[in-house]
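What TrEMBL records for 108-348, 677-983 is domain 'ABC transmembrane type-1'. What TrEMBL lists as domain 'ABC transporter' is 406-625, 1016-1245. Summarising the annotation, TrEMBL assigns transmembrane segment to 77-95, 130-147, 232-255, 308-332, 674-694, 741-768, 813-835, 841-860, 926-947.
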Amino acid sequence: MDHIGKQTKEVHPRQKANIFSIISFFFTLKLFRKGTQRDLEEDDLYEVLPRYTSKRLGDKFEREWERQKKKNNKNSIVRLLLAVFGKEVFLLGLTQLTSKTIIIIFHPHALSKIISYFNPGQTDMTKNDLYLWSGLLIGVTLIDVVYAHNYHMAMGALGIRIRTAFCSFIYRKALRLSPSRLGDISIGKIVTLITKDVHCLEHFSYLVNDLWIAGLKAGVAGYVIYRKINVAAFAGVGFFIIILPIQFYMGTWAAKLRLKMCKKVDERLQRTQETLSAIKIVKMYTWEKYYNDKVLDAREKEIKSMQLIFYLKMIILQIGVLNGKIAFYLLIMTYKWLGNHVTAEIVYYIDYSFHILSHTLGIRFPSAISQVAEVTASVKRLGNVLKALEVQETPEETDLVIKPKVALNNVDVTFKEKHVLHSINLNVDLGVTLITGQVGSGKSFLLKTILKEFEPSNGTVLTQGRISYASQEPWLFPSSIKQNILFGEKYDETRYQEVLKVCALLYDFELLAEGDATIVEDRGNNLSKGQQARVNLARAVYKESEIYLLDDCLSALDSQVSDFIFKECIMKFLQNKLVIFVSHNVSHVKEVDNVVIMRHGAVTSHVKSADISEKDILQEVDAEEMAIESGDDLEVEAEADEETKLITETTTERKVYQEVKKKGKVDFDVYKKYLQFGGGLFSLFLVVSLYTTAQFFQSYGDKLVSQWVILEQKISNLTLHNTTNTTILQKKEESENKRDYILQLFTAMIVLNTVFGVFKAIGFYSVIRRASINLHKHMITHIVNATMHFFDTNFIGNILNRFSKDLTTVDEFLPFIYHQVFRTALSVGGVMIVIATVNVYFLVPTTFFLGLLMFIRMYYLKTARSLKRLDATTRSPVVGHLNATLEGLTTIRAFKAEDILREEYDRHQDLYTSATYIFISSMRAFAFLLDFLCTLFIATIIARFVFSNDVFLAGSVGLAISQALRMTGTLQWGVRIWAEMENCMTSVERVLEYTEVRQESTQGQDLDNWPKEGEVKYQNVYLSYNESDEYVLKNISFTAHPQEKIGIVGRTGAGKSSIISTLFRLYEVDGRIAIDGVDTKLVSLDCLRKHISIIPQDPVLFTGTIRDNIDPERQYTDDVIWSAIDSAYLKKLIPSLEYEITESGSSFSVGQRQLICLARAIVRNNKIIVLDEATANMDPETDELIHQTIHKCFKACTVFTIAHKLHSIINCDKIIVMDKGEIIECDDPNSLLQNKDGHFYKMAKKAGITTQNAA
């Protein structure tokens, strides 16, 4: 439904690249050039590669899912993945195993050959042999670099395809979720699946092959070591094998914890989404702190479960790192104790082999195990949603139906174990059938049953003809108004203009700067309720159908517009159609063809309108006068929306979910604030000290190994002399004593390294955890307390994106990245010092190499930053589109618009995939270049030994080359992770942006026992929503005396609700508003809003108990709450105050929700009450009961009533008539009726109200 549509982009350079360009990642160069000149924008992204399109991958998953279902009627996520991607994963794994086997066999052998050349007195190796082995070592390392990065690119690309396939499939599944399951599977849960669980599977793709390769690689490495040192090999390799079960147990434990944590994440996201969606209500009830604390409470539980997972992960990784050290120590000691002669060649052969073995079994395999834990949890959660009950698809009728028909035969419907429809027998033919009945009688359920949304537990439903549907609560999605009306139908200019005319929208479009190209915000928030209702109706009417189901879609309109639409649209435009129209308006009863009356989920009457008795009408819909509604002259079609906040700023080319994207490098302030949130400089100093100490013990241990080898060589040479020379014997004894001391020192280093490894993990996580908690706390607190202008200009999808994916990055990826940055930076520093101890001149190439890497990093970062930000901003439309879809599923399915919305979702996802793919390609290109340069560095170190005439000790040669080999891998990883750190800090930057949004003022007095009287005085009040000169309220002045009942009438968009916004100070105004003589600007917002009660236009319920919805702050006793429930006629409906409300109260009808809002107002017992269209969705009988309650409970209050029904306000003490944001009349009803030239008199005359009625 995107009003801009698909934009063609440049063909991806990889499609045109040759094989050399692909394996060297040269195809990314053009983008790097562009990225160094300026910040990259969305237009710079390429067309998604054909293999990665959302539609193609979604289709693959869907086909395989259906095939599995048909085959054994039992679906499995694992089987699905294996069927679609299994072969590719296995082939890539096979190539990886072959490559790594060659490296394991060849690298240590070549290294030991080079070292053996420098053994004193050796004659086996010639200079030419040295050249050959050195050349082979460098050549194989270079080939491994080319292969390794292309393998990781292939696995990363596979991860993107897995993510895209799942996201596409989840969206398709969401479109088919049955209403009964949607209550259990919250919007928050589905958003978590797409932003967290699917990404977990994507990252697992990098490690999946390690699960089966690790064992085989370990076997090869173990065999190679065994061939070299025989039975001593079992001591080291055996230690690895003993430790593995412990790591495996910890991994499975982490899986269980991950499942629990994901539930906590769902809960937090659900609470966040609910709070943001109803922020206006939350502010008016002053419930910010309660809902803020609710979100923070969910966050605390999430962090607690995350904490244990982190410690388990760190222990698993720490065991992995220390395994190698301890196993190497055990192996060498065993080899020595068995009486073998230790040489530099053997030590560094084993050291390098163990380096490979410990990386495989100590890091890659444990990482894969801990990922398995998370993936298992994610797969279970994905399975719950993907296996959920679906709405049965009904094929769209395309054949011309001569006579449309709706027939229900003995239909029963159950929803959440509650019978909502009983024995419905209904046959509806051509013409308009009006359905009426009390609140909660099952009218909406009946329509949704006809739509096949609910599966009857008994009976049959038959529909003959294409169906169109207008929901009771208008559903609009973020796009242009025109796209909201067309909703995927072909554009027919004549029909479109006719629909706008009969839905009274033409004048509205004239007032909007962009007309029907105006962008609709989340839930249509920038349109008035009346405009939303008419756009919602226009969508239903525009669709060419035989059957039209209209669910009370005129209740939000004033009488003139309502009557006009009823006559012109429903009776004329839809003549010769089958129309089922839910309404409480009695004036329509005699004009329709048939009337159906419902009560308690059953049809009590179905007759021709001419046959319905006066008694029935009076019983069910009370007196005719109760339907008389206020309005203005029809020639004034509709006024500028009082809440058209940003409409003058919208343009036809504005992207719906567009975000303001920061440019340039991440500011130092972002790091500074992140550090402050983590505990400040002291915390940083503590962590760096622990990491430095641990690194010192490790590097010193490496140096001790070299000294030990040199001493062993020396002792060996002295032993060969086999002499009784006292000097030689003394030297030998000194060397042995020194060797024993070095071994003791080496043992101490191993122990201290282990202890400090644990300390640094605990200290580091404490800082990171504190930063995460404080970041989220500041973000949610600032957003909840932000001005309404922030919510008018930001989509919920964009905000949720930061609470989901960005926060996941901060919580889960950033700690790992910072850990690696600290570890590698200190590791590289340690290695450089160790190499320098061999030959100080090695510092020259090392420093040059380091400088070159820094320059390349700087060049890379400019592009990477832009791409990382694009990766984040292109994700927002995916989340936003999903969010909007889930809120309007019934309408989408009624219009059979699933395919169109799916195509649009796929388009959003293709853009996101394109951004992610090019980001991974650029990162891999950077890593490839770094590793290529690393190979040159190794060549430099080797060349120094090979071509020099200096004499080198074998131990020193082994130490320098093995450290160089280790440093190059570490250094390129360090530079990459350093660059990635800045990329991930863009998520912190995005979170911090929301900690700086403009806040509502907390200044002002807290007054006791105020207001005592309830007098409200407006003096020259002006209001502008977008802080411009376009005022939606102009020069408003009036006085409401204590206990006066004030009625406010006027057309849709005249400014009625805006007066209420100013009373609650949702927006700051020019002019003065005083309550009991006190200027409201001088009173604190909490004090002001707490002392005004409102029954809002949109009856919002929150997930939680009845008590949470009426008195969340626990200020009132049970008796007081039950009294309010009784006064609101809810006692029969509510069994207990702890009765759970799920998914925004979807199990209650709109009217019942409004009654719960009435109970809230009664409980508060304030002096000033606001009723904003409080009875718009009530049947007249309930409406009358409500007004009796209001009269009884609010007798001593000042009451402001905004209403379309004139009977609601005709007995008020004073009536304010609004038009175009101004008060055009203000007096008591009788005086207004005396003025025969006045607006109110004209309205009353048209409605048949006389002075006697008002008396």
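A Cβ is built for glycine as well, from the same backbone N, Cα and C atoms used for every other residue.
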Chain residues outside the transmembrane segment (308-332) and at least six past its termini with a C-beta under 8 angstroms from it: 225, 229, 232-233, 235-237, 239-240, 243, 246-247, 250-251, 253-254, 257-258, 261, 342, 347, 350-351, 354-355, 357-359, 361-363, 365-367, 369-370, 698, 701, 746-747, 750, 753-754, 757-758, 761-762, 765, 769, 815, 819
Among the ranges 77-95, 232-255, 674-694, 813-835, 841-860, the one whose Cβ pairs under 8 Å to the transmembrane segment (741-768) are most numerous: 674-694
Within-chain partners of the transmembrane segment (232-255) [C-beta distance under 8 Å, separation at least 6 from its ends]: 218, 221-222, 225-226, 309, 312-313, 315-316, 319-320, 323, 326-328, 330-331, 333-335, 338, 340, 350, 354, 357-358, 361-362, 365-366, 369-370, 372-374, 376-377
Top partner of the domain 'ABC transmembrane type-1' (677-983) among 108-348, 406-625, 1016-1245 - counted as Cβ pairs under 8 Å: 108-348
Long-range neighbours of the transmembrane segment (77-95), counting only residues six or more past its ends (CB under 8 A): 60-61, 64-65, 68, 147, 151, 154-155, 158, 161-162, 165, 205, 208-209, 212-213, 379, 382-383, 386
Mean per-residue pLDDT computed across the domain 'ABC transporter' (406-625): 84
